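The domain 'Myosin N-terminal SH3-like' feature in TrEMBL is assigned to 7-61. Residues or ranges marked as domain 'Myosin motor' by TrEMBL: 67-188. Per TrEMBL, ATP binding site is recorded for G152, E153, S154, G155, A156, G157, K158, T159.
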Amino acid sequence: MVNIVSNEGAKVWIPHPEKVWEGAELQEDYKPNKTTLNVITDEKENKILNVKSEKDLPFLRNPAILIGENDLTSLSYLHEPAVLYNLQVRFCQHRDIYTYCGIVLVAINPYDDLPIYGQAMGDLDPHIFAVAEEAYTKLEREQRDQSIIVSGESGAGKTVSAKYAMRYFATVGGSATETQNRKEGLGQ
Ligand SMILES: Nc1ncnc2c1ncn2[C@@H]1O[C@H](COP(=O)(O)OP(=O)(O)OP(=O)(O)O)[C@@H](O)[C@H]1O
């Protein structure tokens, strides 16, 4: 994605050897004939970026009001640093491990037992139960098989996610069967 707005004062992401990305602010307007761009990082360090063409311009940061959105598609700028930062803010500040990206649910492995698999859950909150519920509702409404694809690297949490999806199905499916059994038991 090429950033179009590159004026002095623009908030950007620049590569960092350890943090991967760090926040910075342009100290001058970008002009096509320039090959460098002065920035000042959030740590107040002056840096000079090599900019041979528009393609080398740093990624623009999203406005602060959008940070922490529960759906990545709501972000004005959707690129690697924007995605990572949004997920980081949600997880580190609010312990939210789930974030939507459209119909995809992104899950961060918290390596911790969080109290997020109980009953209380907002309708719009991204959650593995919400994904399972959507599949189950469509299964019933459309009478067609549904698939949930769980992917990620080793240790990412695929088995645990699948387990919670199965727990949801067992709960809603189980209660329907129990209701049916009860009805049959009552001769209904
Ligand atoms: N939602 C979660 N909440 C708490 N801990 C989790 C969660 N997801 C994963 N973990 C932790 O991470 C460990 C690894 O997760 P999991 O076994 O699901 O990974 P995986 O993607 O299936 O790995 P592999 O591909 O190697 O089988 C779990 O044993 C658990 O300790």
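Numbers run from 1 along the shown chain.
The backbone N, Cα and C atoms fix where each Cβ goes, and this holds for glycine too.
All TrEMBL annotations are machine predictions without curation.
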Which of the binding-site residues E153, G155, A156, G157, T159 have a Cβ less than 6 Å from any atom of ligand 1?
G155, A156, G157, T159
On the 0 to 100 scale, where does the mean pLDDT of the domain 'Myosin motor' (67-188) fall?
88
Structural state of S154 (ATP binding site), classified by DSSP into three states
coil
Among S154, T159, all listed as binding-site residues, which has the most CB atoms within 10 Å of its CB?
T159
Around the ATP site recorded as G152, E153, S154, G155, A156, G157, K158, T159, what other same-chain residues have a C-beta within 8 angstroms of the site's C-beta center?
N109
Sorted by position, what residues of the same chain at least six away from G157 (ATP binding site) have a C-beta under 8 A from it?
A107, N109
Identify, in sequence order, the residues in the chain of A156 (ATP binding site) that are 6 or more apart from it along the sequence and have a CB within less than 8 Å of its CB; answer 'none' if there are none.
A107, N109
Counted with DSSP (H/G/I as helix, E/B as strand, rest coil), the domain 'Myosin N-terminal SH3-like' (7-61) has 3 helix, 26 strand, 26 coil
